[in-house]
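S.K.: One structure is given below, represented as structure tokens, and several questions about it will come after.
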Amino acid sequence: MIFNTTFFNNEDWWSTFVGFASFILCSALSFITKANYYTPSAWTKNPLDFFSKGYFWVSIPVAFAVMYIGTKFPQMAQKQGFDIRGFTFVFVLAILSMIIGNQTHIHNGGFGTPFWSICIGVFVSNIVFRGFIVWPKITAMAGRCFNRMRGYAQIPDVEVTSIATDQDQNEIQAIDINNNEKKATGSKDKEKNPNIIPAWLKPVLLDEYFIKVSLVLLAMDLKKSKEIFGPALIVSADTMILFTFIAFVGYKICKIDRDMSIVAAAAVSICGSSAAKAIGSTIRAKEDAKNYPIAVMALWTVAFIPTMPPMYTKWMKEKFAWSSLQAGAWIGGTIDTTGAVVACAALIDDEAKQSAAIVKMLQNCLIVPICLGVLIWSIYFNINPVDPKAPPKRPTLTGVLKIVLERFPKFVLGFFILCIFLTVLPNADWKTHLNNTSLLGSTWFETVGFVCIGLNIDIVNLLGNGAVLKLSVFYLAAQSFDTLTTGLLSNFAFYNQ
């Protein structure tokens with residue numbers, strides 16, 4: 001079978017295949033029923049209203065079944081582990097993120113599902129799981145101190161060497177050697193898994209895979225909103241230049257790690273964590289180089305969401321007579337994550353929300369050429385080779401094409417295929433319903449992926465790492481520069497609209 005070949009049996013292809021299969025299911029659902037099951041139910045006081053109002057609850061068991069099959073089957077095909085307990089746990093956290101993110105006041109404040117999914121993942125990983133290890137030790141230590149205070153362990157210490165025989169000494173030395181080996185092994189394990197994540201959860205922390213599937217399902221009708229498409233394209237035109245400039249400044253001037261600088265530039269200039277993960281995978285960046293910029297981005301995004309609408313209302317609208325379209329384009333080109341863009345622009349009006357979404361969608365599309373350009377650059381300069389010990393050599397044209405074919409992000413190909421399919425559909429009503437259903441599937445995969453990102457973030461190492469502090473300052477400077485340039489382009493592109 002073709003799926004058993006090495007070329008097709010990898011995460012990139014599986015994310016595309018699962019995205020196609022999910023889209024086919026979305027097509028069937030949108031054809032069978034016209035009910036609004038794709039809009040999450042908002043609630044104010046009672047969280048159960050999230051399930052009782054509307055038909056969004058119908059998508060929960062369907063999403064669980066689709067994602068369970070779409071995760072287990074690829075993992076088994078790649079001979080990777082899978083545990084239903086871990087998958088169910090992550091899925092429940094995703095539901096919890098949606099419930100909190102759709103609370104009326106929280107959602108209107110700009111703190112939507114993407115924000116809460118990352119925060120809940122970080123909380124569970126760094127507080128709950130770490131607590132299972134730390135608190136028993138603290139309790140045991142407190143118990144020993146309490147017993148000593150009451151006079152229970154007052155037996156005087158006796159030197160073992162003074163009473164032990166030669167045989168005992170050998171046994172003691174053997175025990176010490178074993179203990180030292182265990183300590184060394186344990187320290188290595190903690191180094192590899194600093195968050196002390198349970199073994200049943202590790203196999204399903206597939207953040208890149210889930211986000212790739214969500215990007216495949218993030219298909220859009222290319223004919224939609226033609227009057228906004230042109231100006232939005234102008235606003236998005238600086239993305240490649242901005243990406244290159246920020247990556248260069250971070251690496252050469254700010255002396256930030258090269259891979260971390262490239263990933264951070266992708267997060268700032270393109271579309272947040274999705275672009276960061278895609279670019280990070282393209283250059284084979286280390287996990288820290290991918291996760292640290294995403295964590296910093298999540299923190300700064302929180303600050304930008306409630307800040308930009310008042311800036312538009314009090315400054316841009318009054319002093320520069322900006323329209324809602326300009327404000328939406330400005331927000332769409334500045335804020336990193338797609339969910340945060342929509343949540344922030346919705347604080348202004350629907351017109352701003354529409355232009356913001358289109359600008360962000362166009363930036364999502366630019367993942368493809370940027371990934372391709374970064375890929376060719378990394379191949380030409382032998383960046384992060386598979387075998388670091390092998391002597392560097394310039395690949396031939398055939399070799400470059402082969403590597404491009406192997407490392408090209410296949411999920412982007414799936415995204416464009418579905419975009420073309422949506423665009424050529426003749427029935428407008430079915431097209432709209434299918435697009436909404438596909439975006440619902442994208443939201444589910446994206447939310448689970450963001451939960452996995454949060455679970456993979458180690459706050460202790462993050463706060464204790466001097467490079468992260470430098471990265472935070474660099475990220476704020478880059479985001480401020482992005483805000484300025486995007487504002488100028490938005491003012492120019494939507495000047496008479």
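Placed from the backbone N, Cα and C atoms, the Cβ positions cover glycine too.
Computed from a predicted structure; not experimentally measured.
Feature list, courtesy of TrEMBL:
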type     : residues : note
TRANSMEM : 12-32    : transmembrane segment
TRANSMEM : 52-70    : transmembrane segment
TRANSMEM : 82-101   : transmembrane segment
TRANSMEM : 113-135  : transmembrane segment
TRANSMEM : 228-248  : transmembrane segment
TRANSMEM : 260-280  : transmembrane segment
TRANSMEM : 292-309  : transmembrane segment
TRANSMEM : 329-349  : transmembrane segment
TRANSMEM : 361-383  : transmembrane segment
TRANSMEM : 411-428  : transmembrane segment
S.K.: Could you tell me whether the transmembrane segment (12-32) and the transmembrane segment (411-428) are in contact, taking contact to mean 3+ Cβ pairs under 8 Å with a sequence separation of 6 or more?
M.R.: yes
S.K.: Which bits of the chain, at least 6 residues beyond where the transmembrane segment (260-280) starts or stops, bring a Cβ under 8 A of a Cβ in it?
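M.R.: Tertiary neighbours of the transmembrane segment (260-280) are 207-208, 211-212, 214-215, 239, 242-244, 246-247, 250-251, 254, 288-290, 292-294, 296-298, 301, 336-338, 340, 360, 363-364, 366-367, 370-371, 374, 409, 412, 446, 450, 453, 467, 471, 474-475, 478-479, 482.
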S.K.: State the non-local partners of the transmembrane segment (12-32) in its own chain: residues 6+ outside its ends, Cβ under 8 Å from one of its Cβ atoms.
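M.R.: Residues packing against the transmembrane segment (12-32) from afar: 62, 66, 70, 74, 77-78, 209, 212-213, 215-217, 219, 409-411, 413-415, 417-418, 430, 433-434, 436-438, 440-441, 445.
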